[in-house]
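Taken from Swiss-Prot, the feature domain 'Bulb-type lectin' applies to 31-153. Among the features that Swiss-Prot reports, N-linked glycosylation site is placed at Asn43, Asn118, Asn242, Asn387, Asn437, with the record citing sequence analysis. Annotation comment: Swiss-Prot describes Cys296-Cys308, Cys302-Cys316, Cys378-Cys403, Cys382-Cys388 as disulfide bond, evidence class similarity to another entry. Swiss-Prot lists Asp651 with the feature active site, proton acceptor.
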Amino acid sequence: MRGLPNFYHSYTFFFFFLLILFPAYSISANTLSASESLTISSNNTIVSPGNVFELGFFKPGLDSRWYLGIWYKAISKRTYVWVANRDTPLSSSIGTLKISDSNLVVLDQSDTPVWSTNLTGGDVRSPLVAELLDNGNFVLRDSKNSAPDGVLWQSFDFPTDTLLPEMKLGWDAKTGFNRFIRSWKSPDDPSSGDFSFKLETEGFPEIFLWNRESRMYRSGPWNGIRFSGVPEMQPFEYMVFNFTTSKEEVTYSFRITKSDVYSRLSISSSGLLQRFTWIETAQNWNQFWYAPKDQCDEYKECGVYGYCDSNTSPVCNCIKGFKPRNPQVWGLRDGSDGCVRKTLLSCGGGDGFVRLKKMKLPDTTTASVDRGIGVKECEQKCLRDCNCTAFANTDIRGSGSGCVTWTGELFDIRNYAKGGQDLYVRLAATDLEDKRNRSAKIIGSSIGVSVLLLLSFIIFFLWKRKQKRSILIETPIVDHQLRSRDLLMNEVVISSRRHISRENNTDDLELPLMEFEEVAMATNNFSNANKLGQGGFGIVYKGKLLDGQEMAVKRLSKTSVQGTDEFKNEVKLIARLQHINLVRLLACCVDAGEKMLIYEYLENLSLDSHLFDKSRNSKLNWQMRFDIINGIARGLLYLHQDSRFRIIHRDLKASNILLDKYMTPKISDFGMARIFGRDETEANTRKVVGTYGYMSPEYAMDGIFSMKSDVFSFGVLLLEIISSKRNKGFYNSDRDLNLLGCVWRNWKEGKGLEIIDPIITDSSSTFRQHEILRCIQIGLLCVQERAEDRPTMSLVILMLGSESTTIPQPKAPGYCLERSLLDTDSSSSKQRDDESWTVNQITVSVLDAR
């Protein structure tokens, strides 16, 4: 027994030795006391009780700057949800978090505070403690009071780019905070970016997505179930949404009812609002929802008194009783000028309301709310106010309750196929549907004659309407000229009028038809001074109408490889498509033996004119290129997934990407595009069309094309944007490889950055090495030889926009060393077993290269 004290003495000494040797374990699991500190060098962290979240220092990507932040510990992919010193990073690996003078502070190498909770005043008697809670909230509180009233400061009051469950977005009267989320500057730069998501408390509260000082997207007000502008926001088994409006707070939040489900709402550095859920089996974040989704989500897309409907073409429509403010511009598919009343209101003169169903309510920042009355009382209230222009229920649950009224103009309205709610817009008596019924009552004793006249009017009206819908402008048949009816196969209704009537069925489409003389005048008789470019199809000219409207005229040459079929195809497809990243077709011309397409004029012409011109590509810094990549990806996703049709472009290349004055990319040239059914995944053709260097192997060799063919072309384009080198015609003096081969070789050798355009590295303010390497990796994934290995465009966008998304390692690309075109009459070829064929060594029945 005499040796027992010596054993305990030795054990105690060993225990204290371990504490000295491993200081990382000197801090409690989820708290930091006033006597403790967190340092970068010790690699200490604080972990929430349920091991879901972790707080510590980190540096993103390959940067040398350090930040204090919170991330998910329970999942395999490092995902940051909060950053303390996002705009004041530590410049070296020396940094400390501690409690000092009743504040949490982050100190740099000289013990100078770079971040603090900035609490002032108050009588703090007991010691303070910092604690990381189970929900990811980092709090500073009284060490003797763990109740909510003991909290002096919390990270949930200062969000960065992520809204977590139980975190509140919006205004709190007690603290005076209006909490909002703001994007990172880039995927590997946590500093404050350009985009923010804020709750507007004025009028009928709603949330806006901002790009600096400009509104981009609006959620619509909360209608008791969901936001008016988010119809897909349905109740879920494990997710509960909450919107609170009271004197104490106006906030939005959500909570998760299952502890093993992780979800977050975040805003990407490119301005995309996204909800993610963690998929354990895939070990990845799944994009559950995102906004803006389409052109109709763009703020004020159709101006005042106009509404947007993605299922009509054009997407902009005037509310019943209104007409386009500028018919000519409206006819050219620019709805920003909005609409005006056909008949002015007459207060007390029989005004009424037209009921619009399944609508996103107009902007409500200046609207008035009365939650104590119903829809009938709301209607009377609006009628009594001569300035009232519309009303709706504030709560759509049950039979509806509450009242919101608008005075002044109505804007940012859209119609949904499902969801939305009823909106009642005030009209003059003469514009109401039941005007004929009221007239019949006034006639009284002459009802018989009135009915006869009324029936005659209806018959005449219907006859005129039928005539209007069936009219097609037919041009004389001169030589090989085709009638416009035959040309467009009755799928596009051609109108000679600039104003497009909205009386036609939404399945039809009216496209303005311009006369040859009008186009010739607009282009100064197709002068060389107006020439913008030239291709296998013909020449593109700049034109200007008498009202100053600029346009681009694509004039097909008589010998164009883009023949009548391609012309019809382009008109049918692009006339029905509406997206910010697709070029807009304004009109067409089939006259005097000519075929011409009239597009919106884009000031910065095509991407290739900037990318491959050394005198012009100097302004293409990395941020601009990254935005162009994202825009092209969104446009392609719209074609593949989000449009009314599933469309394969088949000719995606740099010269078919046009740039507007803001350098927003727009996909053009749909002459080779094909429509797929929703259940179709691929098709086969004996006529291979497209451009060498952009065609996928399976398409070039076997005529098989699918969405993955476009993905391949996108991958080539992405790598061209990064390198400013063409895939076709690329030459490397050391090895006879095309661009894809060069990128692949450098990637395997760990020299991925060597292919970057030096212009990018010179613009140090926007050069983000880690982000560029991710893009190169994504590009290589897109150009993999086997179509099934390539990602979908939805996954591409997810990988581009989310730093937390895992990117797999790419396999070898499908690329070529030389071109060998064989007899075009042959449909197959033989090769020896020892021959190594490449993508461009192909045999096809008919080959059209442009």
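For all residues, glycine too, the Cβ spot is worked out from N, Cα and C.
These figures come from a predicted structure and were not determined experimentally.
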Using Cys378 (disulfide bond) as the reference point, find which of the recorded positions Asn118, Cys296, Asn387, Cys388, Asp651 has the shortest Cα-to-Cα distance to it.
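Going through Asn118, Cys296, Asn387, Cys388, Asp651 one by one, the closest to Cys378 (disulfide bond) is Cys388.
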Taking 10 A as the limit, how many CB atoms besides its own sit near the CB of Asn387 (N-linked glycosylation site)?
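Taking all protein chains shown, Asn387 (N-linked glycosylation site) has 12 Cβ neighbours within 10 Å.
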Roughly how many Å lie between the Cα atoms of Cys302 (disulfide bond) and Cys403 (disulfide bond), rounded to a whole value?
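A Cα-Cα distance of 25 Å.
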Roughly how many Å lie between the Cα atoms of Cys316 (disulfide bond) and Asn387 (N-linked glycosylation site), rounded to a whole value?
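For Cys316 (disulfide bond) versus Asn387 (N-linked glycosylation site), the Cα atoms are 25 Å apart.
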Checking the contact step here: among the recorded positions Asn43, Asn118, Cys382, Cys388, which have a Cα within 10 Å of the Cα of Cys308 (disulfide bond)?
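Checking each Cα against Cys308 (disulfide bond), there are no hits.
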Looking only at Cys296, Cys308, Cys382, Cys388, Cys403, the disulfide-bonded residues on record, which one has the least crowded Cβ, with the fewest other Cβ atoms within 10 Å?
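Cys388, out of the disulfide-bonded residues Cys296, Cys308, Cys382, Cys388, Cys403, has the fewest neighbouring Cβ atoms within 10 Å.
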Which one is it: of the recorded positions Asn43, Cys296, Cys388, Cys403, whose Cα lies the shortest distance from the Cα of Asn242 (N-linked glycosylation site)?
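Answer for the nearest of the recorded positions: Cys403.
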Please compute the mean pLDDT of the model over the domain 'Bulb-type lectin' (31-153).
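Averaged over the domain 'Bulb-type lectin' (31-153), the predicted model reaches a pLDDT of 92.
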Could you give the Cα-Cα distance between Asp651 (active site, proton acceptor) and Cys382 (disulfide bond), in whole Å?
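Counting only the Cα atoms, the answer is 54 Å.
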Going by C-alpha distance, which of the recorded positions Asn43, Asn118, Cys296, Cys382, Asn387 is nearest to Cys403 (disulfide bond)?
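Closest recorded candidate to Cys403 (disulfide bond) by Cα: Cys382.
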Looking only at C-alpha atoms, tell me how far Cys296 (disulfide bond) is from Asn43 (N-linked glycosylation site), rounded to the nearest Å.
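Rounded to the nearest whole number, the Cα-Cα distance is 48 Å.
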Can you give me the Cα-Cα distance between Asn387 (N-linked glycosylation site) and Asn43 (N-linked glycosylation site) in Å, rounded to a whole number?
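Spelling it out, the Cα of Asn387 (N-linked glycosylation site) and the Cα of Asn43 (N-linked glycosylation site) are 64 Å apart.
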Return one of helix, strand or coil for Cys302 (disulfide bond), based on DSSP.
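Coil, per DSSP.
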Over the span of the domain 'Bulb-type lectin' (31-153), count residues by DSSP class, listing helix, strand and coil in order.
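Within the domain 'Bulb-type lectin' (31-153) the tally stands at 3 helix, 53 strand, 67 coil.
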For the C-alpha pair, I'd like the distance in angstrom between Cys382 (disulfide bond) and Asn118 (N-linked glycosylation site), rounded off.
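Cys382 (disulfide bond) to Asn118 (N-linked glycosylation site), Cα-Cα distance: 48 Å.
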Between the Cα atoms of Cys388 (disulfide bond) and Asn118 (N-linked glycosylation site), what distance do you get, rounded to the nearest Å?
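Cys388 (disulfide bond) and Asn118 (N-linked glycosylation site) have their Cα atoms 47 Å apart.
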